[in-house]
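Asker: Following this message is one structure expressed as structure tokens.
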Amino acid sequence: MRLATTFGVSLHLCLVASAGRTAYDHIIVGGGSAGLVLAERLSRDPTVSVAVLEAGSLTEQNRTLIPALYSGFIWDPEIDWRFTTVPQKHVSDNVLLLPRGKTLGGTAAVNGMYFVRAAKNEYDAWETLGNPGWNWDTVNANIKALENFIPASSKDAKTFHATDSASNHGKGGPIEVTYSTYWEPAPLIPAYFSSFNALGIPTNKHASGGDTIGVWQAPCAIDAENRSRSYAVNTFLHPNDRRENLHIITGAHVTRTILADEQLSKAGDVRAVGVQYIADNETRSIHVTERGHVVITAGTYQTPKLLELSGIGNASILKEKGITARVDLPAVGENLQDHVGVLSCFELKDGLGPSVGALNVDSEYTAQQWELYTEERKGALASVHGTTVAMIPFQKIIKADTWTTLKASLDKSLQQFRGTPYEKQIALQRSQLDDESIPQIEFVLLPMLADPTVKAEPNRSYITIGTVLLRPFARGSVHLESDDPLKHPLIDPNYLGITEFETAVMTEALKFVAESLTQTKPLSTLIAAQLSPPSGSSHAELEAFVQQRAFSVWHPAGSASMLPKEEGGVVDPQLKVYGTENLHVADASIIPLQIGTHTMATVYANALRAGEIIEKIYHDAADVNKDTEDSQQKPIHVEL
Ligand SMILES: Cc1cc2nc3c(=O)[nH]c(=O)nc-3n(C[C@H](O)[C@H](O)[C@H](O)COP(=O)(O)OP(=O)(O)OC[C@H]3O[C@@H](n4cnc5c(N)ncnc54)[C@H](O)[C@@H]3O)c2cc1C
């Protein structure tokens, strides 16, 4: 099928129906960010058959492909799952939106496109937590393998610091990565860098090389030539659409993994024999071949739900929902970690030049930008706005005596983890507070008014500085609400759950923005007024602002953590679910300890590694089978 997008780029996709086939060597549940990388990797071997089941459909719309329009998908039932939190106890009982892409390509089809790595020590911590081979070297090598990095023009590199050593990036991989090309209002970004520099935060020219501290420009998954989103659907699937061994079935909502009735392996592990799904209002199923695998890549919120629907999870939670536990695995759905943020908004002085905030407000500017984009792939629409970030440890923004007091309060709160499976990872995370190579807080510059509660005046320009808590200590959970597979799970990220400490550091960060950053030249000379939180807010008012306005920054991880079982693990370092023989997880939910950066590139890299691991297991099993051809095959009984 050849599809023309509304702006003239054509995608050639082959969405193959299962064509009557009922058994595959590998079944991947969820054709999202991780699922499609994995599908491409596993289907490289033409002798192996792979099926991907995706609940959404193929989406190719301006708002997913044109960089500046990316957030337009939020709350659209066609492409957003429209998850929300349960009321957040430490955020004024607010119910917060948790957008997730319900489409082929998953959340990578709709996200903000930053293509960034975490700091070296953050990945190395995964290995320390009991996952041999999961460290900076392997994650970074896999990110590089997926990347085709195109540097910025020398002018953009010089003026807007859109620069990073090319040796930190991959060349020739399928995902196109480059920098923004629209920087208006022009004085703003250089001033942001200079004011941070004046406060002792350096410009970082190598943020993809394992050191993310400082102020820098984030590269994005954008095709440098046609200036549209680069993601699995228009990269992996396009050249590979003729692979006859890869079937992608869209509109297929998986309802559970089908487990064999008996424990088959000697270890007593259960065997996944297929999956059940709903398509066209019909319940259907497909199966894996004798040596095959089921891999769940349904994302941090839905992977635990699917495990629970399949009878894998905390036995008492399952019992409450009327589900028989096949594998009692209490860590399923626990250890949920997400970034949380608050916004500060400012009005800019007159005469600084055009602002992207005028898109869809100023009809003349908007028409001009559409023409520029359509004709030349230039202008405001060709870039993600707000790729200038500063990532720093707390020590750089909080006074030494306050920091000492805050750490003491944190240590008191962290006692709640004593004797729990998470004690070791919390202790490691606590020790990382003293490692100044690990960022704890991020300040993102958005050249627009991003706070919907503040009314924009016509012909005025604004900026928003997003403050993001990168390494929350709070742990949340996600569990199924009922045994109805179509119901959304109950998601409790427990934002600001280590209340005293997390509210305090966010308050200090807001104070830093209001009283230091935006009061320091040259940024201070561009700002007319602070609008939100109101200028001159007291400490108590800022604290209340944090408690009322904190929101999800959309990087949930950890709900099916890769950890030793007794330390809160759901999967082992081979990504195999404990207590199963051939069921794996390979999406953001496996990340055991949240990283202090945006998560997509890491999720991609982990999925590529998952492909290597599963391929090896599959082939090793073939060798064993050859050696023991006389072994009797037990028939597999399946309850459908
Ligand atoms: C608004 C937003 C902006 C973001 N911006 C950035 C950014 O700029 N940079 C960055 O690094 N990260 C960003 N992220 C985070 C990043 O996109 C995610 O971490 C990453 O995409 C998660 O990948 P995943 O494979 O775990 O899940 P997903 O990509 O969400 O994939 C899960 C897939 O499974 C499917 N699925 C779920 N349940 C079922 C079922 N029962 N049956 C069949 N299919 C199912 C879903 O439809 C989806 O396609 C952003 C996230 C959001 C929401």
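Note that Cβ sites are derived from N, Cα and C of the backbone, with glycine treated the same way.
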Asker: Which one, THR107, THR402, THR405, is listed by TrEMBL in the same FAD site as VAL254, TRP554, HIS555?
Answerer: THR107
Asker: Rounded to the nearest Å, what's the C-alpha distance separating HIS555 (active site, proton donor) and THR107 (FAD binding site)? Just drop the number here, would you?
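Answerer: That separation, Cα to Cα, works out to 10 Å.
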Asker: Sorted by position, what residues of the same chain at least six away from TRP554 (FAD binding site) have a C-beta under 8 A from it?
Answerer: LEU98, PRO99, THR107, ASN111, ASP338, HIS339
Asker: Quick one: largest C-alpha distance among THR107, VAL254, TRP554, HIS555, binding FAD per the record, in angstrom?
Answerer: 23
Asker: What is the total of other Cβ atoms whose distance to the Cβ of HIS555 (active site, proton donor) is within 10 Å?
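Answerer: Around HIS555 (active site, proton donor), other Cβ atoms within 10 Å: 25.
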Asker: Just to be sure I understand, if DSSP states are collapsed into helix, strand and coil, how many residues of the domain 'Glucose-methanol-choline oxidoreductase N-terminal' (299-313) fall in each?
Answerer: 8 helix, 2 strand, 5 coil
Asker: Can you check how the pLDDT averages out over the domain 'Glucose-methanol-choline oxidoreductase N-terminal' (299-313)?
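Answerer: Mean model confidence (pLDDT) across the domain 'Glucose-methanol-choline oxidoreductase N-terminal' (299-313) is 98.
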Asker: Would you mind checking how many other C-beta atoms are within 10 angstroms of the C-beta on THR107 (FAD binding site)?
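Answerer: Within a 10 Å radius of the Cβ of THR107 (FAD binding site) lie 28 other Cβ atoms.
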Asker: Secondary structure at VAL254 (FAD binding site) (DSSP, helix/strand/coil)?
Answerer: strand
Asker: Over all shown protein chains, what is the count of other CB atoms within 10 A of the CB belonging to VAL254 (FAD binding site)?
Answerer: 27
